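I have placed the structure first, in the form of structure tokens, so that the comments after it can refer back to it.
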Amino acid sequence: QKNTMTTMACRHLFTRLLRVSAHRTCIPYHSYSATVTTGLTKLKFDYAAKRYCSTMALKRDEILLLFDVDGTLTKPRNCIEKDFKEFLYGEVRARATVGLVGGSDLEKMMEQLGGREILDKFDYVFPENGLIQFEKGSEVGRVSISEHLGEEVLQRFLNYVLRYLSEVKIPVKRGTFIEFRNGMMNVSPIGRNCSQKERNEFEQYDKKHQVRQQMIDALKKEFSEVDLTYSIGGQISFDVFPNGWDKTYCLRHVTKGTK
């Protein structure tokens, strides 16, 4: 059963690879011995699956694994577990090019994953959705939301958020309602200075009362002419960034150096 599942996963992956490489529509048939046709190219799925199941088929620099932090490598805002960290660095890193893509700034990523060693252990580190780029330990680029939006639009947005939050009624409010980062803004109705207990309680309250979603709806209406994306993530906040500046932004960088 395990081999069957692996084969099916490889078939699915290989179909996607064909679509990307050919920029055409692949038409997979569900028979195990069927072929996939893209243009004039016909490839046997069984052969492809066996080849891609083999760990020797692809070299390290031909495999790229990008990991989120919260909810993937760690529980939200918690530190990485020792056993998993050893597995990641010892087993995974030896077989694939590895990168981090987090919504938080570099300092928060280091707090959760063991300090500055992440710059050496990971081939790529992308804080703030990849709007700051580190490669092999060195910063190689960054973009700025303040430059993109301009000071007038930025101040109008910040003033509106603060005014809106001053009128929101929720069980608890703490401090740091807006965290301004290089490539995005993080808005938290309860405030990022809340305790873990308060964080958990707000998450449940928000599920029922949709505090964050209602605020996003108001922002979309007020700033409809501004190219902004709103993304609810984690337990207590949502991110605001220009359209296209989500975690896929880092792919603009990694595609330059990987096969």
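Cβ from N, Cα, C; glycine included.
Automatic prediction, not curation, is the source of TrEMBL annotations.
Database features (TrEMBL):
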- D68: active site, nucleophile (ACT_SITE)
- D70: active site, proton donor/acceptor (ACT_SITE)
- D68, D70: Mg(2+) binding site (BINDING)
- R77, R181, R192, R199, S237, D239: alpha-D-mannose 1-phosphate binding site (BINDING)
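Location within the structure of each feature annotated in TrEMBL.
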{"residue": "D68", "record": "active site, nucleophile", "Cβ contacts under 8 Å, 6 or more apart": "V101, G102, K247"}
{"residue": "D70", "record": "active site, proton donor/acceptor", "Cβ contacts under 8 Å, 6 or more apart": "P76, R77, G102, G103, S104, Q112, G233, G234"}
{"residue": "R181", "record": "alpha-D-mannose 1-phosphate binding site", "Cβ contacts under 8 Å, 6 or more apart": "D105, E128, I145"}
{"residue": "R192", "record": "alpha-D-mannose 1-phosphate binding site", "Cβ contacts under 8 Å, 6 or more apart": "R174, G175, T176, F177, E179, N186, I236, S237"}
{"residue": "R199", "record": "alpha-D-mannose 1-phosphate binding site", "Cβ contacts under 8 Å, 6 or more apart": "R77, I190, Q235, I236"}
{"residue": "D239", "record": "alpha-D-mannose 1-phosphate binding site", "Cβ contacts under 8 Å, 6 or more apart": "G103, N129, M184, M185, N186, V187, Y230, S231, G233"}
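The residue listed as 'active site, nucleophile' falls outside any helix or strand according to DSSP and counts as coil. With a 10 A radius on its CB, S237 (alpha-D-mannose 1-phosphate binding site) counts 25 other CB atoms from all the protein chains. Mapped onto three states, the DSSP output places R181 (alpha-D-mannose 1-phosphate binding site) in coil. If you draw a 10 Å sphere around the CB of R77 (alpha-D-mannose 1-phosphate binding site), it holds 17 other CB atoms from the protein chains shown. Largest CA to CA distance in the alpha-D-mannose 1-phosphate binding set (R77, R181, R192, R199, S237, D239): 21 Å, whole number.
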